[in-house]
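The next block holds one structure in the form of structure tokens; read it before the comments.
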Amino acid sequence: MRAFAVLLIIALGWLQYTLWFGKNGMEDYAQVSNDVQLQEEVNQGLRNRNGQMFAEIDDLRKGSAAIEERARHELGMIKKGETFYRIIDENSEE
């Protein structure tokens, strides 16, 4: 009976060790949980960026205001009859 109790305590000790420090134990679980949370934050940022891009694509397909805005800011285009004024700061290095 005494040998059985010692064997049972050893088995329980081994099970506790593997639970806390072994492969797929609590330490690994905490690390994986942290990795999952970080990845979810990255994914949410990417979802937000995708939503903005889809909204911009939809705006470019349906309206001419977005196309005009891009032409003005990215390509420096102006409409007929408009005058373009460029104001340069005296402190600028250009």
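From the backbone N, Cα and C atoms, a Cβ is placed for every residue, glycine too.
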Would you mind telling me which of 19-39, 40-60 Swiss-Prot tags as coiled coil? 40-60
Residues outside the coiled coil (40-60) whose C-beta sits under 8 Å from one of its C-beta atoms, at least 6 past its ends, are 66-67, 70
Tally of residues which DSSP labels helix, strand or coil - the topological domain 'Periplasmic' (22-94): 49 helix, 0 strand, 24 coil
